[in-house]
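Features reported for this protein in TrEMBL:
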REGION    B:1-27  region 'Disordered'
COMPBIAS  B:1-23  compositional bias 'Basic and acidic residues'
DOMAIN    B:34-62  domain 'Pyrroline-5-carboxylate reductase catalytic N-terminal'
TRANSMEM  B:189-212  transmembrane segment
TRANSMEM  B:245-267  transmembrane segment
DOMAIN    B:245-378  domain 'Ferric oxidoreductase'
TRANSMEM  B:288-309  transmembrane segment
TRANSMEM  B:342-362  transmembrane segment
TRANSMEM  B:374-395  transmembrane segment
TRANSMEM  B:415-441  transmembrane segment
Amino acid sequence: MPDEMSRPLIQERSDGGGSRRLEASMSEPSDPVIGILGTGDFSRSLARRLVASGYQVVVTSQMEVASQADLVFVAVFPEHHSTLVGLKPALAGKTLVDVSNGLRINQDGPSNAEQLADLFPESCVVKGFNTLSAWTLQVGPRDGNRQVFLCSDSSKAKKSVMQLCRRMGFIPVDMGLLSSSLEIENLPLYLFPSWRVPVLCTLFLFIFFYSYNFVRDVLHPVITGGKKAFYKMPIETVNVTLPSVALVMLALVYLPGLCAAFLQLRLGTKYNRFPAWLDRWLTRRKQFGLCSFLCAALHAIYSLCLPMRKSARYKVINEALKKFKDGVQDVWVDEDVWRMELYVSVGIMALGLLSLLAVASLPSVSNTINWREFSFVQSTLGYCALCMATLHTLLFGWGRAFEASRYRFYLPPTFTLVLILPMTVLLGRLALFVPCVALRLRQIRRGWERNRNIRFTLPENDCRNGLEDVSNV
Amino acid sequence: MPDEMSRPLIQERSDGGGSRRLEASMSEPSDPVIGILGTGDFSRSLARRLVASGYQVVVTSQMEVASQADLVFVAVFPEHHSTLVGLKPALAGKTLVDVSNGLRINQDGPSNAEQLADLFPESCVVKGFNTLSAWTLQVGPRDGNRQVFLCSDSSKAKKSVMQLCRRMGFIPVDMGLLSSSLEIENLPLYLFPSWRVPVLCTLFLFIFFYSYNFVRDVLHPVITGGKKAFYKMPIETVNVTLPSVALVMLALVYLPGLCAAFLQLRLGTKYNRFPAWLDRWLTRRKQFGLCSFLCAALHAIYSLCLPMRKSARYKVINEALKKFKDGVQDVWVDEDVWRMELYVSVGIMALGLLSLLAVASLPSVSNTINWREFSFVQSTLGYCALCMATLHTLLFGWGRAFEASRYRFYLPPTFTLVLILPMTVLLGRLALFVPCVALRLRQIRRGWERNRNIRFTLPENDCRNGLEDVSNV
Amino acid sequence: MPDEMSRPLIQERSDGGGSRRLEASMSEPSDPVIGILGTGDFSRSLARRLVASGYQVVVTSQMEVASQADLVFVAVFPEHHSTLVGLKPALAGKTLVDVSNGLRINQDGPSNAEQLADLFPESCVVKGFNTLSAWTLQVGPRDGNRQVFLCSDSSKAKKSVMQLCRRMGFIPVDMGLLSSSLEIENLPLYLFPSWRVPVLCTLFLFIFFYSYNFVRDVLHPVITGGKKAFYKMPIETVNVTLPSVALVMLALVYLPGLCAAFLQLRLGTKYNRFPAWLDRWLTRRKQFGLCSFLCAALHAIYSLCLPMRKSARYKVINEALKKFKDGVQDVWVDEDVWRMELYVSVGIMALGLLSLLAVASLPSVSNTINWREFSFVQSTLGYCALCMATLHTLLFGWGRAFEASRYRFYLPPTFTLVLILPMTVLLGRLALFVPCVALRLRQIRRGWERNRNIRFTLPENDCRNGLEDVSNV
């Protein structure tokens, strides 16, 4: 890849006093002179990027930086901030940009930036650039995340940093007052916070169903019949477990939406906030869906591997040997053939639909579709996928649920357990199609309320009349 | 996910007269005061976002909003626009932003925004923000689409809204005059307009080939031989249909480009517009290709499922039983083995190439590659995939096309029908490689014309001489 | 898709002297008048886009364009630049935007833009817009790449072009001085430069391992036993080759990181630049990984195809026939069953992990995750995938490495060759976990140096004390 940083953009200028400045030939007198305190990788990459963007940058002794620059980046470890207090008079009235990060997530505050602001009450502290790596600064914002989150109590300082940010090729995102700095400092420390619950949920379901299937499919034949069955553990048992997890997780994608609808119907308004757990669940639906898709895709691969295995080959040969010994000339069980042809075909369609949903949830795809299209994909196609997956399971289990021999150790077959939640969700969704229920829900979502007491405090009562909301959601 | 909206950014200020303003401590005197008419979800999310971006927002009685604000968002249902006429004098000279959406696609106009402009001839109406949902406004532009389409007849009003837009973290896209507002209002109502023809085409081909295969592979053995064959419907017949659809659709991706080239050769110029159907077809090639890929991928999964089925297992056992009864000791048909090894291998390579094409058409990937790379992937690799897929079909059918027993009910085997279009496309492409044809086409695409009558009206004749186009396409 | 360009946005105005201007009703007196020299597709699309963005555009005779416009786009082939010298006086002091491209990559210079600047020393030449196609200009920047790379020696001229760029809906990226124009002109001519080495490496490994396997698995049985084996070439030999390539390529992803770590440990500092080959290798890791993933995915599909083939079917039937003839009643080799169940299961998990890595390297996904998440996915999950894949190979080969019959033509089994590199990488990684090594490495990466001689020239020595780097990498 081309790299303009390798070109000699930077001219060093040394005046008599030993002070050194880096500048590009295109810097203008009206631009602020930028100073950088700190000499690590980040500082150097920042200096190069700033110079490449046409700014004068001062990187000499601390005092000279503080006195000559109009806008100073503080790129030292926060535990050394206190060593800078000597620069206080020189930095008074100037803008300080705190680029530091914490080592661990800080929930309580104060943030590094707030502590810096306490140390330099006469300077304007702006928090930002901490989400960028030295690497991104060095190669420029061409790939990787271009957003820079900024906050400050001084609107003027923030504006000048935003402009600088834009000129460096990044997209500044205004996060408000300096009280947001804690949040901004935590941003690069998160480890998939939105995935925690869905992944834990997937793991829990996997362990539960795996144990259940292990007892039924491995332990039971070994204990009751002394048959070889432990070899089933790596593939067959996993392959019965994965679709169970996938289907339950898919049902959990659509359950919170149903809960929300029934809650709105019960309260007769959409202006009551949902309980926090429901709110959080609603925002995690994408993650639940992708976990479901991953399990479904793995289930497909495991299933396709079944006939490849030595064990499958031995079984076919053994069956052929046995049938010949028994004098059987034609093996063919029509019910088994039909069942399998049908549930495999329906299963493939369910997987196809889930794949479309997964592709549509890629950020770059979901950004190009409008809300109506998003809703069509995630709601209409999504419910189709849920129906298909449920049908796949029903066809697989059909008849078997009522055979006594399937209740090993009195445990019902796995698929009967698995079907409870998706069937509930599908029935609940059907209930919302009943005309009077559907009509009421539509009214509520357009702003109708059973008890017209405004709970939201912002708007006056009088301006409600005749003016409903233009809700796109 | 972090959510700065949950922080108490908004301070309510109540002055004597009951008027209420929301403001952030960082708003500046030079910024316009923003008013919002309407109290729905959208209005409230908008108010919060504006305040978080540092603006003063007025949300009180209609009259106060109209008189105090410099820039007013009209967030009421368009059918209630007429209730606002009392505010006409107060809104004169101010900028009105119409954020409304239609309920269905409006092809004829006038748009909501144009009707609002008729109601308030002394205000400057800007259309925009209607493509955003209350949800996007609330959580901020961090994920989801950041583009805001704007149009207005007043350049000044549009500019101020663009600036506001940028400060809120969105990317304004200038769509020109207010006459574009109809288009902007329709934007969130479209349901995959570019996919309609490709999807319909796929469905039609699927139904056609499925019926054809049903008659040949299911009905024929049942009627003529009384054999069991209905069980083939869910998987085997689908699996013969899918590759047919995939190959024809892939040929349809490259057919319009050939048509365009031959049209340019025939007319001797590139400055004649293509007929509308060809233009539209050319812009739908990506969708045709993705439909083809979906069918090919499903075909792969269906094929891989074949040996897993009970029916396959029974057939193997039955064949073993029969061979043993017949005293056969070794089954091995070299031709069958070679044919299958070859067409499976070629088929996998075709699928691999199609996967690369599909990945390269993801927006985030296609945005990172330059035009030469795009053309290499979509044209060079694409034609390779078409060749491979055609070869896959040829190898599968080889020899069989000439066996009388394959012409059931006098219907030729499916693959002979399927091959017509891809073979035509490949031969057409070969014709364009003939040196004199290739040279002429290259000349035409660099601007050469057989009859030098300028059809394009903009440029003067005299400035053409010696100045050819710098065409990147 | 909606297309605002089809609307009659452009009004032509003809004054007495035959001069023609295109203007939108919203253009403002303060905006520069734009001229375009050249009449190709690109010029016309540019004119339409500029007018749609509210600019006055002059496209008449060359002299009038030069004299009336404030900012002139030069959209003629670079070999015709010299025909424009007559316009020199009229263009003096004006901004010229050179949009031309080269025909082939130019490594030596001077660039077209630099030659243009030599021709017009009194004008300010800005390079840019050459990466856009006429098509992108015509349909607008809604999809496709929105970035426009600009460079110029005149800061003022560049700024005005950046503003124009932004108003057209594109994102200007400042590339510095005009000396960067060579790079910008080369940008649209590159053909996946970052993929060259990884793809060549994949091809080389494929050819090597394919030949090796061909000799062992095809030639050997034919020569020594006269068995049919050539039929293995299209699928079986490929399927043994692909996982070998995949595993070695995956090891090559993690090898350069290890080299870097050991180099830093040896030199006792992180401030020495890595050798160029290591630097380049480190930036190609993603491409190596994706090549590995492609091979692994193809290996999965080939493996799943195995039982579907006629040859597999014939073999099963032949084995059944033989066993029956021999009077065998039960075939079952416990070791073979367990080995296969285990290595298949582990292989699927490795593929699942690699899929996650591949998805995470899509630009739109990697842009939404922070650095800690990126490192977790690419490093932690990546090493897990490498472990799994190595285990998959070990389980496959277990025991076989020590059977003399496996050393055909004295060649060791393929998997023993394949395992060398991944085992080395895993052992190297383990070595870095040894506490004293890990501690030293952590110190070095926080800025510690064994010999405190500053090699980086920019910062003064005195400002180092106590101020370590805030490195996000």
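Start at 1 and count along the chain as shown; that gives each residue its number.
Using the three backbone atoms N, Cα and C, a Cβ is placed for every residue, glycine included.
Under 8 Å from some Cβ of the transmembrane segment (B:189-212) lie the Cβ atoms of residues 101-102, 104-105, 237-238, 240-242, 244-245, 248-249, 252, 280, 283-284, 287-288, 290-291, 295, 411, 414, 417-418, all in the same chain and six or more residues away from its ends. Stretch with the most C-beta contacts under 8 angstroms to the transmembrane segment (B:245-267), considering only B:288-309, B:374-395, B:415-441: B:415-441.
Across the domain 'Ferric oxidoreductase' (B:245-378), DSSP helix (H, G, I), strand (E, B) and coil residues number 111 helix, 0 strand, 23 coil. Mean model confidence for the domain 'Ferric oxidoreductase' (B:245-378) is a pLDDT of 93. The DSSP breakdown of the domain 'Pyrroline-5-carboxylate reductase catalytic N-terminal' (B:34-62) into helical (H, G, I), extended (E, B) and coil residues amounts to 13 helix, 6 strand, 10 coil.
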